[in-house]
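Peer 1: Feature list, courtesy of Swiss-Prot:
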TRANSMEM  19-39  transmembrane segment
TRANSMEM  87-107  transmembrane segment
TRANSMEM  120-140  transmembrane segment
TRANSMEM  153-173  transmembrane segment
TRANSMEM  191-211  transmembrane segment
TRANSMEM  253-273  transmembrane segment
TRANSMEM  275-295  transmembrane segment
TRANSMEM  310-330  transmembrane segment
Amino acid sequence: MIAEMQTMLGPLWPVAWNLLKIIAIVGPLMGAVAYLTLAERKVIGFMQVRMGPNRVGYRGLLQPLADGVKLLMKEIIIPSAASRTLFLLGPVLAIAPALAAWAVVPFDLTLVLADIDAGLLYILAMTSVGVYGVIIAGWASNSKYAFLGAMRSAAQIVSYEIAMGFALVGVLMSANSLNLGKIVLAQSGGFWEWYWLPLFPLFIVYFISAVAETNRAPFDVAEGESEIVAGFHVEYSGMAFAVFFLAEYANMILVAMLAALMFLGGWLSPVPFLPDSILWLLFKVAALLFFFLWFRATFPRYRYDQIMRLGWKVFIPVTLVWILFVGAMMQTRWAYLFH
C-alpha cells in the first residue's frame with residue numbers, strides 16, 4: 001500500500017510521509033494532554049478524599065471533551081488597549097515549541113520523526129523558545145498585572161533552564177553523544193546500568209527544575225491561582241486561554257519523557273529476561289507525571305524569592321560540582337561506573 005501511494009504522489013511523497021508522521025505524534029500527544037488534565041483532577045481528588053469529575057461519560061471519562069467544547073464555544077475577548085496581533089501570537093509561540101520538540105524524541109530504535117545527532121541540543125533550544133510566548137502575552141495584554149506575571153515567569157523559566165541544562169551535561173558526558181537514541185542504548189544492561197544511579201544528584205536536580213520550568217506547583221507563583229488569579233494570561237479567555245494550558249501540559253509530558261530517556265533507560269527493560277518495549281517508556285513517563293500531580297496535592301507554594309534562591313544558590317552549584325566530579329572520575333580506574 002505504501003509503495004502504491006509513493007508511486008501515486010511522486011515527488012510529493014516525502015512531504016506527505018512527514019506530514020503523516022507529524023500527525024501520528026501530535027494526535028496522540030493532544031489526546032494525552034487532554035486526559036492528563038482528567039488524571040490530575042482524579043488523582044488530586046483521591047488524595048483529598050473526594051471523587052473528582054464523574055458526571056460526563058462513564059466515571060467522568062468524557063470530561064476533557066466537554067471542557068474542550070466549552071472552551072471552543074467561549075468568546076476570545078481582546079482588551080481594547082491590547083496589541084491584537086501580538087496578543088494572539090502569544091499562545092501560538094507558547095505551544096509551537098512544545099510540539100516541535102517532539103520531532104526528535106525516539107519512542108524506540110526506529111520510531112522517531114527525525115533521528116538527528118544533536119537531538120538533545122534541539123530539545124533544549126525548543127524549550128528555551130517557549131519563554132517568548134510568555135513575555136509577548138504579558139506585554140501585548142497592556143496590563144501591569146499581566147506584564148508583572150510575565151516577567152516573574154520568564155525569570156523563573158530562564159533560571160531553572162540553566163540548572164536543567166547543566167544536569168543534562170552529565171548525561172552527555174556519560175553517553176558521549178547528543179543523539180537521544182544512542183543515549184538510551186548506552187544504558188543497556190538493566191536497571192542498575194541506567195544513569196539515575198551514577199548521576200543521582202543530577203537526576204533530582206533535573207526533575208525538580210523541570211517542575212519549576214513548567215510552572216507547576218509548588219513553583220507556580222506566576223499563576224498563583226489561589227492568590228493572584230492568573231499571572232501573564234490574566235487577560236486571556238476562551239481557546240486562547242486554553243492553548244497556554246495545552247502548552248503547559250505538553251511541556252510536562254515532554255520533560256517527563258526526556259527524564260525517562262536520559263536517566264531511566266527509555267524503552268529498555270529493567271531486567272534482562274523481559275523484552276524492551278515502548279510500553280516500558282510509557283510506564284516510566286506515567287510514573288514521573290504522577291509525581292507532578294503528587295507535588296501539587298502535597299506541597300504549599302513557595303515564595304518567589306525562595307524559588308529564585310533555590311535555583312541560583314543550590315541547584316546550579318550542585319550541578320556544577322557533580323559535573324566536575326563526573327569529569328574527574330572519568331580519568332580514573334572507576335570511569336566504567338559513569339559509562
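Numbers run from 1 along the shown chain.
Each Cβ is built from the backbone N, Cα and C atoms, and glycine gets one as well.
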Peer 1: Are there residues at least 6 beyond the ends of the transmembrane segment (275-295) whose Cβ is under 8 Å from a Cβ of it, and what are they?
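Peer 2: Tertiary neighbours of the transmembrane segment (275-295) are 36, 39-40, 43-44, 47, 107-108, 111, 207, 211, 214, 216-218, 252-253, 256-257, 259-261, 264-269.
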Peer 1: Rank 87-107, 120-140, 153-173, 191-211, 253-273 by Cβ pairs under 8 Å to the transmembrane segment (310-330) and hand me the top one.
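Peer 2: Maximum Cβ contact count belongs to 153-173.
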Peer 1: Under 8 Å between C-beta atoms and at least six residues away from its ends: which parts of the chain pack against the transmembrane segment (153-173)?
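Peer 2: Sequence-distant neighbours of the transmembrane segment (153-173): 120, 124, 127-128, 130-131, 134-135, 138, 183, 195, 199, 202-203, 205-206, 209-210, 212-213, 215, 219, 221-222, 231-232, 262-263, 304, 307-308, 311-312, 315-316, 319-320, 322-323, 326-327, 330, 338.
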Peer 1: Same chain only, please: residues at least 6 beyond the ends of the transmembrane segment (191-211) with a C-beta under 8 Å from a C-beta of the stretch. Say none if there are none.
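Peer 2: Residues 160-161, 163-164, 166-168, 170-171, 174-175, 219, 255-256, 258-259, 262-265, 268, 270-271, 288, 291-292, 295, 311, 315, 318-319, 322-323, 326, 337-338.
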